[in-house]
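Trainee: Let me begin by handing over the structure; questions about it come next.
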Amino acid sequence: MFPPRKFLLSSFILAALHVTAAPLWDAKDPEQLRFITSRCMEDWYPKAKNPKAALQNWLGWKLEPSDDQATQCYTKCVLEKIGFYEPGEKRFKGVRVMQQWETFHKYLNADREKVHDLTSTFDFIPPLKSSSCSEVFEAFKKVNGKHSETIRAILFGKGESSKKYYQEKGVKIKQKEQSLFMHCEALNYPKGSPQRKDLCGIRKYQMGSGIVFERHMECIFKGLRYMTSKNELDVDEIARDFIVVKKKPDAMKAMMKTCKANLKEKNPGKIAVHYYKCLMNDSKVTNDFKEAFDYREVRSKDYFAALTGKLKPYSRSDVRKQVDDIDKIQCS
């Protein structure tokens, strides 16, 4: 046992380490959580033994069938992308559970004591032998069985909490059923602003300039996850959009490798513009990129549309019409 003074000092040091480490992870807002869960569902439900049944379970916050590898890997995917599980450490991160609650507690219907219990439960799980889907799932299943309501609450899984957050943040966050592009346009080219006159050309792939355009491209590239929060390029995310419209991403990937190597900018907005120019200026890539970019605008309205059957099979002409309709609104 620690003597009282040493115990207090040790507790202070541990608390300080937790505080120091906290900024390395950012709590997740409803928009981020919707993106994470929908993306993990897209990746894993087709691999389930009964895809339709598994998807319905996951949409209802039920991690079933528990013996299906797809369910196990979906769970691991969500936990890793949120940050509640760190594969490199093979550990669950209880401190992040509390950080999630502390960041958003005024919106959440979650009791602090229950959140504290969940935090402690995570922290008491020893490092796993591996970060396999089955091992992560088995460890989490025991926690979820006892704390499922609290987990759902801190992850904005109850409608009223996310509704309050969206209402308070307004134009500062992409709203449900709002395309990511229109969100960024409302922030950077709002109606009545002097720069609004530039928006129509930008929507039609004319290159903008200045700090407003830089902020706009940063908003879009980070919102689409083409760039990470640390300003790193995620070329696989761009490739994913190419594949969805049945375009091969190989030429784009090779070109973007060179583009990244030539990057000299440090400012996030300038970095986004640099990457955008590369995609627009390469004659072998630009037409496919525009097609992929247009469809991503349409799909960004509802992250769950492809999962719930609301998204029609891809048709270039249908997408072009939808984008033209948006242009009419934004160019007026």
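Here the Cβ of each residue, glycine as well, is placed from N, Cα and C on the backbone.
Below are the features I grabbed from Swiss-Prot:
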type: SIGNAL; residues: 1-21; note: signal peptide
type: DISULFID; residues: Cys40-Cys77; note: disulfide bond
type: BINDING; residues: Trp61, Gly157, Lys176; note: leukotriene E4 binding site
type: DISULFID; residues: Cys73-Cys133; note: disulfide bond
type: DISULFID; residues: Cys184-Cys219; note: disulfide bond
type: BINDING; residues: Glu185, Arg203, His216, Asp294, Glu297; note: noradrenaline binding site
type: DISULFID; residues: Cys200-Cys331; note: disulfide bond
type: DISULFID; residues: Cys259-Cys278; note: disulfide bond
Trainee: Can you grab the distance from Cys219 (disulfide bond) over to Glu185 (noradrenaline binding site)? Cα atoms, rounded to a whole Å.
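Mentor: Spelling it out, the Cα of Cys219 (disulfide bond) and the Cα of Glu185 (noradrenaline binding site) are 9 Å apart.
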Trainee: Roughly how wide, in whole Å, is the group Glu185, Arg203, His216, Asp294, Glu297 that binds noradrenaline, by largest Cα to Cα distance?
Mentor: 16
Trainee: Have a look around Cys40 (disulfide bond) and count the other CB atoms within 10 A of its CB, chains all included.
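Mentor: Its Cβ has 21 other Cβ atoms within 10 Å.
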Trainee: To the nearest whole angstrom, what is the C-alpha distance linking Glu297 (noradrenaline binding site) and Cys331 (disulfide bond)?
Mentor: 16
Trainee: Just to be sure I understand: of Gly157, His216, Asp294, which binding-site residues have a C-alpha no more than 10 angstroms from the C-alpha of Cys40 (disulfide bond)?
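Mentor: Cα filter at 10 Å returns nothing.
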Trainee: Give the three-state DSSP assignment (helix, strand or coil) for Arg203 (noradrenaline binding site).
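Mentor: The residue in question, Arg203 (noradrenaline binding site), is helix (DSSP, three-state).
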Trainee: How long is the line from the C-alpha of Trp61 (leukotriene E4 binding site) to the C-alpha of Asp294 (noradrenaline binding site), rounded to the nearest angstrom?
Mentor: 32
Trainee: Helix, strand or coil: which one is Cys219 (disulfide bond) in, per DSSP?
Mentor: helix
